[in-house]
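S.K.: Provided herewith is a single structure, encoded as structure tokens, for subsequent inquiry.
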Amino acid sequence: MPDSKMDETKKKKKKTAECCGYPISIFFIVVNEFCERFSYYGMRAVLVLYFRYFLLWDDDLATSIYHAFVALCYLTPILGAIIADSWLGKFKTIIYLSIVYAVGQVVMAVSTIHDITDANRDGTPDNFTLHIALSMLGLVLIALGTGGIKPCVAAFGGDQFQEHQSRQLNTFFSVFYLCINAGSLLSTLITPVLRAQECGIHTQQQCYPLAFGVPAALMVVSLVVFIAGSGMYTKTAPEGNIMGSVCKCIWFALNNRFRHRSDIYPKREHWMDWAEEKYDKLLIAQIKMVLKVLFLYIPLPMFWTLFDQKGSRWTLQATTMTGDFGGFVLQPDQMQTVNPILILTLVPIMDRIIFPLIKKCGLNFSPLKRMTVGMLFAATAFIAAALVQMEIDKTLPNFPSSSESQLKVVNMHSESLIVTVPSQEPLLIGSFESSPDYITFDQQDIRLAFNTTPEINKDLSLIKGSRQTLIIPSEPAEMYLKEDIKSKPKEGKNAVRFVNGWTAYLNITNLESSLQPSETSNYTLVSQGMRKFTLTDGIQSCEFSRKFGFGSSYTFLIPSDLFSTDCESIKEIEDMQPNSVHMALQIPQYFLITTGEVMFSVTGLQFSYSQAPKNMKSVLQAGWLCTNAVGNIIVLIVAELGKLPKQWAEYVLFASLLVAVSIIFSIMAYFYTYIDPAEIEAEILKQQETDPDKKKKKETLEMEEKENEQEIKQTKI
Ligand SMILES: CC(C)C[C@H](NC(=O)[C@@H](N)CC(C)C)C(=O)O
């Protein structure tokens, strides 16, 4: 390292403007983070819907691309960190990548304007390829920007503090985390509302341009705020290609160790010390610091594997519950907002009350201990989720296993019928009634007998693992099978279908096509709340309304006196009961996982900064974020591999795995010695100044290497 650089490292940071003990510059950084997270989470909140209903992708493609995008966002931090620490410095990296990010958001917003390709003004884009290309370009730029700046912003914030401000530095990371969650909470509440507005130049549509445009605007604001603070920041200059030097130094240490593997060479304290012949002691010490922390990170992805399932498995769990809170109704995916809301309350409580109290009791609640306890909290959250799941399982219908088939009989005939079913008591089914519940069969082929005149015997071939309904129309000989849904409807919605007992075709609200006499419609999904259906045969019409809960399924039987009774004679058959376990039961698991997050994630953020050498702060932040990326990838693999037969068992399995991992982590943490990187760096620099051997060592080594090369050449000759 050149002497001028050594002097710089030894020098204290320049005095910066302060307010209440905090550097004023951090105000710009936390506001910047708030706007950036608003932008990121706001866009994410409507992304799947955009894929599904604007680009018209199917569910699988929409969710795959969504997850690929999220994974990319957590892989790009390493790129941003390398650029910052080795080349541009944090300040310029944040500015340049924020521009890339803002451009990405604008491109994304433009891609959602259907009018740009709707030449025939029919309300649908004429050139889907252009919209897809624009949105993919936008997403790649956003992933590059959001991931790239993420490790730099936190580290840059930390750089603003002087040595005497270590208490304020810890508070900064908590406030930083509060801003992340305040921004994400606001945007996840606001952008879906913006999307639900109608807008357009030629035709009025769901307003995706507004839903993506506002996050784009917030990203521009974020950039402007960051630039506004320009004059106040402490900017640390990058020290050349640090990552290149790190890799070369590690490679040299490994090679040198291998060349001196014989017992005649004295052992060295650490394998990195084998780089001493060629590399600076300071660089070796810095690499040791980073490697020690990265080694400690190995078990951490398991925490995120559990944490990230709140967005997937827990939301699915909520779809099998009821969200009616009396005064307001919560949709299953809105349950996730409980996490940022709890963060906003728990971070101050922990910082101001719990941690000081623990300290007052004389307990040493060190960062690594906090992180271990955080993991245990996450594990207990999964035990709570398992208990809730057991409650839900008690209320779920008895769905057929893969070897079973289930059958229900609906009688639209004008008279009651007696149906003889294999190995069952004969069933009496009244006119416009159904068999009481599904009958389960182990075999697929069954014969049913009906007491009609003449008697009808019907051979049926049922589908394995399915639920079916046998519809007996007014003309029983024309009976037919209709397949039913065999799991709870998606997103907590309700599945409804109609059997037309009216003598002519009918048009019914929400149904794709008109329903012929005696025909049964496919299921249509309706949301919770009061729903109105209008039935018309083109001449007459009537309406009926019904209040739906969450996750139910109904077959509505339309009688022949439909219009004379003004729709009142419509009969409903409950195929699946509405959900009865309340979503409020998920609050304890959210509380536990968020407490875990505060202990684990906020502490991890501080720890990664405090234990990193000066020139590798962003790199270690990126390493920390990578634990999250790996955790996300594990979730994807687990989802692909399939689930245990019982969901509660899967929750218990994950909880046990995390307990095991936290035990391993606590052992690793026990052997970790906290360091003050600045102190170590200063100490080494001081030693080096008085070390006349340093230059000589390098020269000797270079000579040795040349001799070796010559020897190799001669042996070849
Ligand atoms: C620490 C990061 C990996 C994730 C962090 N997320 C949170 O703080 C969540 N509580 C937000 C919630 C809306 C999922 C982030 O920086 O986004």
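Cβ from N, Cα, C; glycine included.
So TrEMBL lists these for the protein:
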type	residues	note
REGION	686-717	region 'Disordered'
TRANSMEM	20-41	transmembrane segment
TRANSMEM	61-82	transmembrane segment
TRANSMEM	94-116	transmembrane segment
TRANSMEM	128-149	transmembrane segment
TRANSMEM	169-190	transmembrane segment
TRANSMEM	210-233	transmembrane segment
TRANSMEM	289-307	transmembrane segment
TRANSMEM	370-390	transmembrane segment
TRANSMEM	619-639	transmembrane segment
TRANSMEM	651-672	transmembrane segment
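On this model, are these features tucked inside or out on the surface, and what's nearby?
M.R.: The list of residues near the transmembrane segment (20-41) in space but at least 6 beyond its ends in sequence, with Cβ under 8 angstroms from a Cβ of it, reads 73, 98, 101, 105, 142, 146, 149, 153, 156-157, 160-162, 165, 168, 171-172, 175-176, 179-184, 186-188, 215-216, 218-219, 221-223, 225-226, 228-229, 232-234.
Counting same-chain residues at least six beyond the ends of the transmembrane segment (61-82), those with a Cβ under 8 angstroms from any Cβ of the stretch are 40, 44, 47-48, 51-52, 93, 97, 139-140, 142-144, 146-152, 243, 618-619, 621-623, 625-626, 628-629, 632-633, 636.
Listed as Cβ neighbours of the transmembrane segment (169-190) (distance under 8 Å, sequence separation of 6 or more from its ends, same chain) are residues 22, 26, 29-31, 33-42, 45, 154, 157-158, 160-161, 214-215, 218, 336-337, 339-341, 343-344, 347-348, 351, 598, 601-602, 605-606, 609-610.
Proximity of distant same-chain residues to the transmembrane segment (210-233), defined by a Cβ-Cβ separation under 8 Å and at least 6 residues beyond the stretch ends, is recorded for 16-17, 23-25, 27-29, 31-36, 38-40, 42-43, 46, 50, 91, 94-95, 98-99, 101-102, 105-106, 108-109, 112, 156, 160, 187, 190-192, 194-195, 197, 199.
Residues 67, 70-71, 74-75, 77-78, 80-82, 85, 147, 150-152, 154-155, 242-243, 290, 293-294, 297, 300-305, 307-309, 312, 604-605, 608-609, 611-612 of the same chain lie 6+ residues outside the transmembrane segment (619-639) yet bring a C-beta within less than 8 angstroms of a C-beta in it.
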S.K.: Go through the chain and flag residues at least 6 beyond the ends of the transmembrane segment (651-672) whose CB is under 8 A from any CB in it; none is fine as an answer.
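M.R.: For the transmembrane segment (651-672), the sequence-distant neighbours (Cβ-Cβ under 8 Å, at least 6 residues beyond its ends) are 292, 295-296, 299-300, 302-303, 305-306, 309, 313, 368-369, 371-372, 375-376, 378-380, 382-383, 385-386, 389, 644.
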